[in-house]
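> According to TrEMBL, the protein has these features:
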- B:17-177: domain 'DUF5931' (DOMAIN)
- B:287-382: domain 'Histidine kinase/HSP90-like ATPase' (DOMAIN)
- B:19-39: transmembrane segment (TRANSMEM)
- B:45-64: transmembrane segment (TRANSMEM)
- B:76-95: transmembrane segment (TRANSMEM)
- B:101-123: transmembrane segment (TRANSMEM)
- B:130-147: transmembrane segment (TRANSMEM)
- B:153-170: transmembrane segment (TRANSMEM)
Amino acid sequence: MVRVMVVDDHPIWREGVARDLEERGVEVVATAPDGAAAVRIARAVRPDVVLMDLQLPELSGAEATAQVREALPDTQVLVLSASAEQGDVLGAVRAGATGYLTKSAAMEELVDAIGRTAEGQAVFSPGLAGLVLGEYRRRETEAPDEPQLTPRETEVLRLVAKGLTARAIAARLTLSHRTVENHVQNSLRKLQLTNRVELTRYAIERGLDVDE
Amino acid sequence: MTTADVSLRARAHPHLVPLWRGLVVYRVVALVAVLVNAVRFGGAWAHPALGIAVVVAMAVWTAVSSARYLRVGDPLTACLDLVLTVLATASTLLVDTPERVAAGGSVITTVWSAGPVLALAIALGWRGGLGGALVTITVLFGVRRALDADLLFDAQLLLVAGLAVGLAADTMRRSVEKLRAATALEAATAERERLARDIHDGVLQVLALVRRRGAELARVDQEAPALELARLAGEQEVALRRLITSAPVAGPDGTVDLSSRLAGVVPAHASLAVPAEPVMLPVAVVDELAAVVREAATNAAAHAGPDAGLWVLVEDDPAQVTVSLRDDGVGIPEGRLEQAAAEGHLGVAGSMRGRVQGLGGTIDLHTAPGEGTEWEIVVPRRRRSSWSA
């Protein structure tokens, strides 16, 4: 069973989501009301997935994400935010979150997203795809040295942003479902490369794997 | 006009007060020069009594006009100043002998006559300064009747002073207006962020919770009213979130953010994917794009079917902005749009196409029965941002 931790500063919401998740057979091992507590508690309970709000007291959701990911590389972070602050979402994704849902997502969607996040897949809402596309467009002109999207990855992300499922994208581009997932995941991974070592490793991998 | 009237009147441009103060100082100093000139050459005047009367009138007018300039600084006083000053300058012909004037004797008003040129420049900008200088030069020429070096020198000084002070006043007026707009925008943005925070902390959370709990109740106990409640709360939650992010982000040069405008246009159930940075475009372009998206969304709601979803994607490139709309409804049969156009219904496609072409852009439609409808609208950016060049 997937072990989840819910981080949100709003008690009604936090307890409500925790209860709903448990009713659907997801194990909620901890909750936390702010970013600092989230990092502390996560170190102790080692959840599989942290459900992270963005606007948190003490430590922002993005900073808490970065610290959780650094301390616990096996713990995945799924952002669940009521915030439409696009910059915050992008910040959390760059800090290592592998997915993003708004709080208006249906419960089935959330449970499904938690399952996929636990398996290490990227959970892309169309909104997140739009943000990630925008970030790479900005890079093209402002930071051409940083990793860019391949034309194929751009194509896939655009279809995600237009609401197509991975299966529909695979059918349209005549790719395998698995390849589509890989493209989506790579586009996130490249955003998360921040230090020189990671970038060098990425460059070497790309050099060895140019026919992608 | 009484003093009370004057002081009650709101000053149109309070930031020009330093220029008016400078003018008043100049006028008083110039009046001293007039007095010195009158004492030195008054003995040789043809009509000393008239000369003294003119000088006294100039002193009185200096006091009256200075008070007006400092309180109101209106163009009307500046115009009246020009008329009276020109008359005073022309009176030299009566006060002094024409021979002395033609021989290079100074006019009775001396440098005092530059006053209205500066006043007009401050009140009306460089055009006022130029006009005042030309009138004053013409009158000087009429009095002196000689195009000598002195006159040319005076003319140059008057033109330069009128234009320079006028341009300075124009610049001050413009920069103050810009500052005012920026301050108002900043205040509006701060207020919006405060509201957004409050709404996020309270109302949004509760609405989301009602929606979630309602849906759970309906799932567990098959309660239809709870489901209805959940649906309504969900719609309001999304609408409210859109509302607090849709207040237009305005740029400095008449541009606004396309993303926040579209947030107010696309229906609550639709997905809107945009870049993190605002997509700044001229207001007119954003208005047209918003109208096109509204038409496409309305059309999708009417034809795609009740369960169809709608997705909108905004992409911002240095050279162009792309807006894509997709619904997963029943789609449009091939040739249906052409047929409608041939039958004379301009319809949605024609109207959208017209708007986009008006912006110099392109619009493409991909559709087939059962495959939904996909619009792709590409609009060129007229001006490239400096960093993208």
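Cβ atoms are placed via backbone N, Cα and C, with glycine included.
Just so it is clear, the model here is predicted, and its values are computed rather than measured.
Burial and contacts for the listed features, if you can.
On the 0 to 100 pLDDT scale, the domain 'DUF5931' (B:17-177) averages 89 in this prediction.
Beyond the transmembrane segment (B:19-39), the same-chain residues lying 6 or more positions past its ends with a Cβ under 8 Å from any Cβ of the stretch are 51-52, 55, 58-59, 62, 65-66, 69-70, 73, 106, 108-112, 114-115, 118-119, 122, 165, 168-169, 172.
Panel annotation: around the transmembrane segment (B:45-64), residues 27-28, 31, 34-35, 38, 81, 84, 88, 91, 94-97, 108-109, 112, 115 of the same chain, lying at least six beyond its termini, place a Cβ under 8 Å from a Cβ of the stretch.
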> Give the one range among B:76-95, B:101-123, B:130-147 whose Cβ atoms make the most pairs under 8 Å with those of the transmembrane segment (B:153-170).
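The stretch with the most contacts is B:101-123.
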> In the same chain, which residue numbers or ranges, 6 or more beyond the ends of the transmembrane segment (B:130-147), come under 8 angstroms Cβ to Cβ?
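Tertiary neighbours of the transmembrane segment (B:130-147) are 78, 82, 85-86, 89-90, 92-93, 101-102, 104, 107, 113-114, 116-121, 124, 154-155, 158-159, 161-163, 166.
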> Near the transmembrane segment (B:76-95), which same-chain residues lie under 8 Å Cβ to Cβ, leaving out any that are not at least 6 residues past its ends?
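For the transmembrane segment (B:76-95), the nonlocal Cβ contacts are 45-48, 50-51, 54, 57-58, 61, 65, 68-69, 101, 107-109, 112-113, 115-117, 119-120, 122-124, 128, 132, 135-136, 139-140, 142-143.
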> For the domain 'Histidine kinase/HSP90-like ATPase' (B:287-382), give the DSSP counts of helix residues, strand residues and coil residues.
36 helix, 29 strand, 31 coil
